[in-house]
Amino acid sequence: MEWLYNLFLEHSALQAVVVLSLISAIGLGLGRVHFWGVSLGVTFVFFAGILAGHFGLSVDPQMLNYAESFGLVIFVYSLGLQVGPGFFSSFRKGGVTLNMLALAVVLLGTLLTVVASYATGVSLPDMVGILCGATTNTPALGAAQQTLKQMGIESSTPALGCAVAYPMGVIGVILAVLLIRKFLVHKEDLEIKEKDDANKTFIAAFQVHNPAIFNKSIKDIAQMSYPKFVISRLWRDGHVSIPTSDKVLKEGDRLLVITAEKNVLALTVLFGEQEENTDWNKEDIDWNAIDSELISQRIVVTRPELNGKKLGSLRLRNHYGINISRVYRSGVQLLATPELILQLGDRLTVVGEAAAIQNVEKVLGNAVKSLKEPNLVVIFIGIVLGLALGAIPFSIPGISTPVKLGLAGGPIIVGILLGTFGPRIHMITYTTRSANLMLRALGLSMYLACLGLDAGAHFFDTVFRPEGLLWIALGAGLTIIPTVLVGFVAFKIMKIDFGSVSGMLCGSMANPMALNYANDTIPGDNPSVAYATVYPLCMFLRVIIAQVLLMFLLG
């Protein structure tokens, strides 16, 4: 039976892989079980790790540190890469508001930490450790321990406080989301609603009655007009055609125009009259039945050399006589303007004759199978850049110790930046949704298994000490009170959708486990987008605050 002992107990690379895989498998298996209608999902991996550590399982400390760090990096980088394309646009759609609400969660928790330390007599280093556990923020704990070492103060006690408060930190945010959902959220609030966005693409029909544009080309009219638009079809004398930019408009021409909804009124003035007898934005319109000579087909951009190119530079309309009416990217419908920068995976709705569309298909690629091949080069380059960013020390006035973004902050910021701007420098950042979810789940499982295993050895001894229950109660308060209060204000008073509120609360508490629960129980991507919108700022602030509290109150 020596082989069995070596497999599970003798420290080695093989033993570390076996133990962490076993913990992850048990935790993920339990995560499928629903208790009172609620499943904690991947969070059970953390508790399986605590039990394994309590019963004596351990792995080599260096292997544990590597697996924990690598798992966290994979998770946050993949998350940033996924939400990157919509990250900066989210600031125009409430991102600033979400960050202000997340900031309120951070500051309220910090205030409660100071008050609780003075009210209960718990030392500030212990209280900072409890705060780090309550906010599931191990980078902040590392920063706090480093600060204590530089101040010549014992640095091990915050780790115990963090370990004791951490489980409640994981569950507390989920409980806060559950409480808000139970008492405030109605069934219709969980339905995916189309956002009221004036910039979304809109299809409208116009008839040319403005003498100012009679006998002028579409190109000249577009230069006269500030609102951007695309003329998809032109009806003249009973004949339907796809107009090129040189097409001259005449009185009485009927136009099918794609633009932003906010521009409809201005274009009505430009063309002369809007036809409102047909709703062209309904999803059940048979576009191919509108004109028998033309067909509509969706083509996917799969040729790598097109990544980062402007749509207008391809001159598809002039060369092939087709029209691109809409572009879909990551579930978002974009206006097909000449300035639009193409990304691998974009889905273009092309209208034209069958032969012309076949030619366009060759230009764009439309080889969907090629998109399933993972672009691992970008993954590893991004991880290196993210870790480099996280290692850069930032000097802040009044604080002697430089502050770093760390393992979590650097990679998610680089992931967001590459997801947003990568195609502009012809870097292929496209990853299928299933591949991205696999990376995130793998990274999070590794991270939680290591975290639980590390905390499990002394967890129950600390919990059952006289001050253990007090620490648990304080940690629960630091987790639940700020999230419930801010969540109530965000959802009930500010009328922010429940998915975004949940993601904001998870991001403000740096809690990927709660985010996983939110993603599993709330339709749509709003939780992930909101999480990534507030996570970088909150992570940075948590790391700074952990150091500032100790320096100013103990210095």
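Each Cβ is built from the backbone N, Cα and C atoms, and glycine gets one as well.
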* **Of 201-223, 316-338, 408-430, the range Swiss-Prot labels transmembrane segment** => 408-430
* Mind looking up the mean pLDDT for the domain 'RCK C-terminal 1' (188-273) in the predicted model? => 80
* Structure fact -> Taking DSSP H, G, I as helix and E, B as strand, the domain 'RCK C-terminal 1' (188-273) contains 24 helix, 30 strand, 32 coil
* To do: May I ask you to check whether the transmembrane segment (408-430) and the transmembrane segment (469-491) make contact, with contact taken as at least three Cβ pairs under 8 Å and only pairs 6 or more apart in sequence counted?
  => no
* Asked: When the domain 'RCK C-terminal 2' (282-366) is classified with DSSP, how many of its residues are helical, how many are strand and how many are coil?
  -> 27 helix, 27 strand, 31 coil
* Please work out whether the transmembrane segment (157-179) lies in contact with the transmembrane segment (498-517), by counting C-beta pairs under 8 angstroms that are 6 or more apart in sequence and asking whether there are at least 3. => yes
